[in-house]
Amino acid sequence: MSLNVELIKDKILSENYFVLRNITYDLTRKDGEVVRHKREVYDRGNGAAVLLYNREKKSVVLIRQFRVATWVNGNPDGMLIEACAGLLDDDEPEVCIRKEAIEETGYRVNAAEKVFELYTSPGGVTELIHLFIAEYDDASRANEGGGVEDEEIEVLEMPFSEALEKVRQGVIRDAKTVLLLQHLQLRGIMD
């Protein structure tokens with residue numbers, strides 16, 4: 001089913017860190033009725049994430065960092081456990097994950113497998129995130145990780161079974177991370 005959409009107005013409300021826009025559009029429904037909508041859209045750019053895993057050790061590498069949006073939404077300390085990720089800026093997705101993995105986790109990504117790409121919150125956020133998995137070993141450790149500039153990132157290497165248990169307990173609550181962990185489990189990669 002294809003809908004006819006006509007842009008009426010695109011007004012920038014804020015360009016502080018990302019871009020918040022107010023979009024007015026007419027949507028012609030399949031019965032021919034034209035309905036006008038006004039929505040705010042948050043454009044933060046597209047991103048990429050990678051879950052590092054080690055079959056031999058049956059472990060994964062995750063990070064823990066402060067996320068202000070979770071804190072505003074009731075996460076008491078604002079800390080979130082998640083897969084390594086970053087915004088694409090002008091990079092290709094695989095270039096992005098390689099750069100972010102070194103910066104955040106300290107591990108070099110050798111061979112990466114793209115799993116899928118998903119919209120994070122399509123009701124109001126433009127972001128499309130490219131999700132990867134990549135195997136790591138001790139030899140691929142380049143530095144201690146921890147992020148750059150103003151980032152404060154803790155690197156967490158943990159058993160895969162513990163990561164899955166943290167999902168069940170509600171300790172890991174980041175959508176991309178849950179999807180990537182479940183992807184490893186569904187494919188039997190860590191068996």
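Every residue, even glycine, has its Cβ placed from backbone N, Cα and C.
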Candidate from E56, E144, E149, E151 that Swiss-Prot assigns to the same Mg(2+) 2 site as E100, E104: E151
Listed range which Swiss-Prot flags as motif 'Nudix box', given the options 86-106, 107-127: 86-106
Local Cβ density at D150 (GDP-alpha-D-mannose binding site) - other Cβ atoms counted within 10 Å: 5
Among E100, E104, E151, the one of these binding-site residues whose Cβ has the fewest neighbouring Cβ atoms within 10 Å: E151
Residue among the binding-site residues R39, R67, K176 whose Cβ has the most other Cβ atoms within 10 Å: K176
Residue pair R39 (GDP-alpha-D-mannose binding site), A85 (Mg(2+) 1 binding site) - Cα distance, angstrom, rounded: 28
Which same-chain residues, if any, lie at least 6 apart from G86 (GDP-alpha-D-mannose binding site) yet have Cβ under 8 Å of it: G47, A48, A49, C96, I97, K99, E100, E103, E104
